[in-house]
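Below is one structure, written out as structure tokens; comments come after it.
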Amino acid sequence: MSLLSKTRELNTLLQKHKGIAVDFKDVAQTISSVTVTNVFIVSRRGKILGSSLNELLKSQRIIQMLEERHIPSEYTERLMEVKQTESNIDIDNVLTVFPPENRELFIDSRTTIFPILGGGERLGTLVLGRVHDDFNENDLVLGEYAATVIGMEILREKHSEVEKEARDKAAITMAINSLSYSEKEAIEHIFEELGGTEGLLIASKVADRVGITRSVIVNALRKLESAGVIESRSLGMKGTFIKVKKEKFLDELEKSK
């Protein structure tokens, strides 16, 4: 397969995800397919965003890493010290992705590291490993292209996350501001009673303890549910199950006291 064909295959995958979050596992599998390598896509803090490995590489240590979806902190630090592409790293180098405890299996292995950059900052690392054969110039071109594309996707996801947080905060603020004094007091007591982000509420018990009517509690919950801040479900005589949908709600409620 030519370099152009390999690049097109990677582009085809990304076009499928246009407008939605990219599954980095799919990206890793595509990179693995077109480069015939083992692949790790790692965040700057060492989280494994995506990977594609052959069975030979799956030692006990690697399996544990995959289960935890995190690489060891010392290896993360070493990766972050790599400022530009480093190619054809052998098994005896501390940057090898292959398990040194199985050195005899990977004596001819080669690791290549591509820093993932975007928006002027380091976002992570693309690590490719081959059991045999050096990485050639075409491999390096494709790897650097893949790292650039991954960087753009990570940035897009970060921006989407920031936008979502801003929307959530606005919705939470509007919901809290829509509550009357007594409704807000009722909500504060409800979540003190729950002691967390979800649980079972018996409205009459809270109403009696706080000295407000049950209808105040019902109205307050309805306003929050309409704003998409919480969800509630009646369990009949057992009470009402309540769950917070927007994770910053309790923090904002505390700030508003």
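Glycine is no exception: its Cβ is also placed from the backbone N, Cα and C atoms.
Per Swiss-Prot, these features apply:
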{"type": "REGION", "residues": "1-155", "note": "region 'GAF domain'"}
{"type": "BINDING", "residues": "V22, F24, S43, R44, R45, K47, E153, K158", "note": "GTP binding site"}
{"type": "BINDING", "residues": "R61, T96, F98", "note": "L-isoleucine binding site"}
{"type": "DNA_BIND", "residues": "203-222", "note": "DNA-binding region"}
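Overlay of Swiss-Prot feature records on the structure.
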| residue | record | contacts (Cβ under 8 Å, 6+ apart) |
| --- | --- | --- |
| F24 | GTP binding site | I41, L49, G50, I150, E153 |
| S43 | GTP binding site | L49, L123, G124, I154 |
| R44 | GTP binding site | T76, M80, R122, L123, G124, T125 |
| R45 | GTP binding site | T76 |
| K47 | GTP binding site | R69, H70 |
| R61 | L-isoleucine binding site | P99, E101 |
| T96 | L-isoleucine binding site | I89, D90, F106, S109, T111, G129 |
Cβ neighbour count (within 10 Å, all chains shown) around K158 (GTP binding site):
13
Counting by DSSP, what is the helix, strand and coil composition of the DNA-binding region (203-222)?
17 helix, 0 strand, 3 coil
List the Cα distance (Å, whole number) between V22 (GTP binding site) and F98 (L-isoleucine binding site).
27
Could you round the CA separation between K158 (GTP binding site) and F98 (L-isoleucine binding site) to a whole angstrom and send it over?
30
In Å, how long is the longest CA to CA span across R61, T96, F98, which the record gives as the L-isoleucine binders?
14
Recorded GTP binding residues, V22, F24, S43, R44, R45, K47, E153, K158 - maximal Cα separation rounded to whole Å:
19
Restricting attention to the DNA-binding region (203-222), give the mean pLDDT.
86
For the binding-site residues listed here (V22, F98, E153), tell me which residue's CB has the most neighbouring CB atoms inside 10 Å.
F98
